[in-house]
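I have placed the structure first, in the form of structure tokens, so that the comments after it can refer back to it.
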Amino acid sequence: MTNKRQILVTSALPYANGAIHLGHMVETIQTDIWVRFQKMQGHDCTYVCADDAHGTAIMLRAEQLGVTAEEQIAKVKADHEADFKDFLIGFDNYHSTHSEENKALSHLIYERVKANGHIAERSITQAFDPEKNLFLADRYIKGTCPKCGAEDQYGDNCENCSATYSPMELKNPRSVISGATPVAKESVHYFFTLPEFTGYLKEWTRAGHLQDEVANKLAEWLDAGLQEWDISRDAPYFGFEIPGAPGKYFYVWLDAPIGYMASFKQLCDRTGKDFDEYWKADSNCELYHFIGKDIVNFHALFWPALLSDAGFRTPTKVCVHGFLTVDGKKMSKSRGTFINARTYLDHLQPEYLRYYYAAKLTGSVDDIDLNLEDFVQRVNSDLVGKVVNIASRTAKFVQKAGGALSANIINEELWQSFVKAGDVIAAHYENRDYSKAMREIMALADLANEFIAEQAPWALAKQEGNEQKVLDVCSLGINCFRAIMTYLKPVLPQTAVAAEEFLGTELTWTGPLSFLGEHTINKFKPLMTRIEGEKIEAMINDSKEATAAMAKTIAEPAADSPLAKEPIADEIEFADFAKVDLRVALIANAEHVEGADKLLRLTLDLGGETRNVFAGIKSAYLPEDLIGKHTIMVANLKPRKMKFGMSEGMVLAAGPGGKELYILEPHEGALPGMRVM
């Protein structure tokens, strides 16, 4: 084995304002598999996480429920920990950002950064709710669009005409929280001078800490110029007060990543581990953050700059993964595919999903799809039909011979293929390319099953004098099963324990596997059962019911059908419709708009002509996911001068808003510039 490594690993902190769902589980399962693999290899690998427990949303949710914020986050944390435990996530410590450790570390880092001259103060004007005495983020303000007159629009952008504006430009603005009319109010805010770290970050992001595609995307942001980072919020706010600034609180994204350090600090205080050994600037230990692609800027720009400025080490690697889709689409509450972890666990074994995710996950940032039909087929075929089948087909013959395995390797070539595969599979685990690891393992399972089928011990056993050959064949089969379960142990820890009980030995993997001969095994018991389609259907139905119950709990109106909510408009003549020139357009480029919460800037290719269009779809799409898609645009809409530039058209999208927005895409074969009639 190589030298023992000291590794600290984290997953992104789930927000303490809702339940864990299967999207969250992509990351924690991915991380847990990697950690379990490292521990099996003999390394000192520590896995910590915490609830992200601060912010206005948590404060308001607690108020809505009639409890204190502390009571709210304590309940959610208990629910989160139960879900993770039942999904076999092996945290070494799980904490909360609302902790004394996090408060002390946040103060320390802030004071160091401030002493280095990297905290700026300046007054900004914000919308203020005079009834709640609360500064309002744009999402907490609604009113009538000042440009097109559409009602019920958010405070920075109109979803009807895509116009952008300041909250105070809205007609009849109101606070979503109290219904009061907001007023403009000045306040001093504190900023981390991130632009001063541009040179450092350009080097850091190209130094092997990130996947290439992530580094390339960050290069675009760095070249466009960074903005100072507002790290403060005004009271009332649930969080940590900034030292020396009464009534000012750290913005949640300041103390949230510090929560990684705080959780590890709590572990160190409990176990005697050396905190500084892992976090000092010249540490030889390794630090890995597993995160989703939606929070890359916080972890790969703000976080390394903050850490380095405060005299701490930066991450060895930020491992970025994609999003989860279900049956090829975004998770949907109405379709029942927005599945909470607990709903899944009420119906299915956790290892089914752990294996399926592993079979899909690569080292890239690509999204993964939970195709429910494929999920059932793959689990039943791979785990039950292939892996478990090896043991179930051979164990009874060993038991009949007395229960002891033969030391004779009847097919040395086959066994060596299992031994040599260990290094290849280990490399795939190390690189987080679990899908390749699973393919290698299933290929071994196929070899083992083919060998058993060819030898047919059930037929040999019927012929007198074949007792030793039957034992030799089945002993090799059992050893093949043992090798496969060893390689699968990071993915299937629960089944691995059951396999260890059957085999009468621990599954270890610190080097090449040895053959288990002259060893007594125990009676075989079924290790895994098939998934029945009825369980999937029941899970989907329960997800729909849970969504309806939650909507009732938080006093949201019942969901009407789109047609009932927005009836069909008055009839128009064909000539009126013909005035609207709809064209197929290729999205040649898409990028974030600095300072806009809801807008993306799209460059549309009409087949010889390009248009610049601002679209209010940021809540539903990442820019990189749009590039290369075809869509439909209104090509003859009069250009509008907006805050961020000229918009030369409009793309068409449907949906109620938020994450449920869907741009229109033509069928394959439609070309840029074609008219839609």
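Glycine is treated like the rest: Cβ placed from N, Cα and C.
A quick note: this is a predicted structure, and the numbers were derived from the prediction, not measured.
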Practice problem: Among 14-24, 47-57, 278-288, 487-497, indicate the range for which Swiss-Prot gives the feature motif ''HIGH' region'. | Solution: 14-24
Quiz item: Among the binding-site residues C148, C158, which residue has the largest number of other Cβ atoms within 10 Å of its own Cβ?
Solution: C158
Practice problem: Residue list, the motif ''HIGH' region' (14-24) vs rest of chain: Cβ under 8 Å, 6 or more residues beyond ends. | Solution: 51-53, 55, 57-58, 61, 72-73, 76-77, 79-80, 83-84, 96, 323-324, 326, 331, 338-342, 344, 353, 370
Practice problem: In whole Å, note down how far the CA of C145 (Zn(2+) binding site) lies from the CA of K333 (ATP binding site). | Solution: 29
Self-check item: Counts of helix, strand and coil residues, the motif ''KMSKS' region' (330-334), according to DSSP
Solution: 0 helix, 1 strand, 4 coil
Quiz item: Once the DSSP letters are reduced so that anything not helix or strand counts as coil, what is C145 (Zn(2+) binding site)?
Solution: coil
Quiz item: What is the number of other Cβ atoms found within 10 Å of the Cβ of C145 (Zn(2+) binding site)?
Solution: 22
Quiz item: Taking the centroid of the Cβ atoms of C145, C148, C158, C161 as the Zn(2+) site, which other residues of that chain lie with their Cβ within 8 Å of it, listed in sequence order?
Solution: P146, K147, G149, A150, Q153, E159, N160, S162, A163
Exercise. Could you list the residues of the same chain, at least six apart in sequence, whose Cβ is under 8 A from the Cβ of C161 (Zn(2+) binding site)?
Key: C145, K147, C148, A150, R640, M650
Exercise. Check the motif ''HIGH' region' (14-24) for me and report the mean pLDDT.
Key: 95
